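Enquirer: I'd like to ask you about the structure that follows.
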Amino acid sequence: MSLSNKLAITDVDLKDKRVLIRVDFNVPLDADKKITNNQRIVGALPTIKYAIENGAKAVVLMSHLGRPDGKANPKYSLKPVATELEKLLSKSVIFAENCVGKETEEIVNKATGGQVILLENLRFHAEEEGSSKDAEGKKVKADKEKVEEFRKGLTALGDVYINDAFGTAHRAHSSMVGVDLPQKASGFLVKKELEYFAKALESPQRPFLAILGGAKVSDKIQLIDNLLPKVNSLIITGAMAFTFKKTLENVKIGNSLFDEAGSKIVGDIVEKAKKNNVKIVLPVDYVTADKFAADAKTGYATDADGIPDGYMGLDVGEKSVELYKKTIAEAKTILWNGPPGVFELEPFANATKKTLDAAVAAAQSGSIVIIGGGDTATVAAKYGAEAKLSHVSTGGGASLELLEGKVLPGVDALSSK
């Protein structure tokens, strides 16, 4: 699956076409169904506006919201999103009470002049995800013929298909892979994701550095395996580093997290790194705590002394930060997935902040810095650094699967240039 040769919205003639766009409007709602964060809606505006400005007859938007488990549930209606979208676009938005069916087709086919239509939640139909849950919460597979019918129903609403929902790209859902139109292109959000991940995974400027944090080695094994033949250096940080330190150097780690299953593959990882001439950088000092809490009694430990029993490492120390900064400054492409410490608790946020500062400095001086979604994207947002980095991925699970070398069904389904 090449990331760099997929058709984009800018390659397609939209004039007088019904443009069917899969967006991600899975926004948080409060008890009164008020949207508490409209970031995802704002993120889709460039694609929606481009379709309107380039002469689309109708702009048909489809999305999921929450987990209604294949049944209509007013709690998960996209209706509040239609109101918010009208405000943001300063343009009327027609809300269709169903995402498929005769009435919806009539609304879409009547539309002219770039009319925006928002369809009701795709996941009100079991055929979107391919399954639903019964009263006992057991998964019930959707009927194959009904899935086909549902996909035909979506296909009937457009002349051109645009996918701008990267966060769902790792799911083979009907709206991601089942729309059968001659041209299937990425919207601006997906286009940017693909461009940047291609810059890292297909043609990186070197030296190429990956910074990997996280709790368990065993959770990141596919990621490490896929990146080792591609990178020049690898910083292993976060709780996962303790499994490396104890296994490789017999460092005392006290009550820090130790991944028994992961420890068995540490040797193989180091071996593979040597074979690929990859420099592995591990932390050398730690900020410790007697409990996992902001008001914990804190301490400091080095490799030589180790972490005493009753204490656990919740962040890395200044010497480690200096090592990271030096490695980051040498790199031309930096991919960061996983923070060095428990940044949610202020006493253990120092290394994360300083690593972020170094990443920002690298981006400002011309390196490509990509944040691979999840917790690290939260870090970038928390400290207001998103605009200062090359790219912050919006897809948690999708980014991870891409970095693990897996094919993303939603990307794979797009037309090639």
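Cβ coordinates are placed from backbone N, Cα and C, and glycine is handled just like the others.
So Swiss-Prot lists these for the protein:
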- Val23, Asp24, Phe25, Asn26, Gln39, Arg40, Ser63, His64, Gly66, Arg67, Leu122, Arg123, His170, Arg171: (2R)-3-phosphoglycerate binding site (BINDING)
- Ser203: phosphoserine (MOD_RES)
- Gly214, Asp219, Gly238, Gly338, Phe343: CDP binding site (BINDING)
- Gly214, Gly238, Phe343: ADP binding site (BINDING)
- Ala215, Lys220, Ala239, Gly313, Glu344, Asp375, Thr376: ATP binding site (BINDING)
- Ala215, Lys216, Lys220, Ala239, Gly313, Glu344: AMP binding site (BINDING)
- Ala215, Asp219, Asp375: Mg(2+) binding site (BINDING)
Enquirer: I want the residues beyond Gly214, Gly238, Phe343 whose C-beta is within 8 angstroms of the mean position of the ADP site's C-beta atoms, in chain order.
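Expert: Nearby residues not in the site list: Gly213, Ala215, Thr237, Ala239, Met240, Gly338, Pro339, Pro340, Gly341, Val342, Thr352, Asp375, Thr376.
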Enquirer: Listed CDP-binding residues Gly214, Asp219, Gly238, Gly338, Phe343 - what's their greatest C-alpha to C-alpha distance in Å?
Expert: 20
Enquirer: What is the total of other Cβ atoms whose distance to the Cβ of Asp219 (CDP binding site) is within 10 Å?
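Expert: Taking all protein chains shown, Asp219 (CDP binding site) has 15 Cβ neighbours within 10 Å.
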Enquirer: Just counting, how many other CB atoms are there within 10 A of the CB of Gly338 (CDP binding site)?
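Expert: A 10 Å sphere around the Cβ of Gly338 (CDP binding site) contains 24 other Cβ atoms.
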Enquirer: Run through the Cβ atoms and count how many others sit within 10 Å of the one on Gln39 ((2R)-3-phosphoglycerate binding site).
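Expert: So the number of other Cβ atoms within 10 Å of Gln39 ((2R)-3-phosphoglycerate binding site) is 11.
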Enquirer: Tell me whether Asp375 (ATP binding site) sits in a helix, a strand or coil according to DSSP.
Expert: helix
Enquirer: Just how many other Cβ atoms lie inside 10 Å of the Cβ on Gly214 (CDP binding site)?
Expert: 20
Enquirer: Inside 10 Å of the Cβ of Val23 ((2R)-3-phosphoglycerate binding site), count up the other Cβ atoms and send me the figure.
Expert: 27
Enquirer: For Ala215 (ATP binding site), which of the listed binding-site residues (Gln39, Gly238, Phe343) have their CA atom within 10 A of its CA?
Expert: Gly238
Enquirer: Give me the count of other Cβ atoms within 10 A of the Cβ belonging to Ala239 (ATP binding site).
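Expert: There are 23 such Cβ atoms around Ala239 (ATP binding site).
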Enquirer: Measuring Cα to Cα, how many Å separate Phe25 ((2R)-3-phosphoglycerate binding site) from Lys220 (ATP binding site)?
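Expert: Checking the Cα atoms of Phe25 ((2R)-3-phosphoglycerate binding site) and Lys220 (ATP binding site) gives a distance of 29 Å.
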Enquirer: Where among the recorded positions Ser63, Ser203, Thr376 do you find the Cβ with the fewest other Cβ atoms within 10 Å?
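Expert: It is Ser203 that, of the recorded positions Ser63, Ser203, Thr376, has the fewest other Cβ atoms within 10 Å.
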Enquirer: What three-state secondary structure does DSSP assign to Val23 ((2R)-3-phosphoglycerate binding site)?
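Expert: For Val23 ((2R)-3-phosphoglycerate binding site) - judged by DSSP and reduced to three states - the answer is coil.
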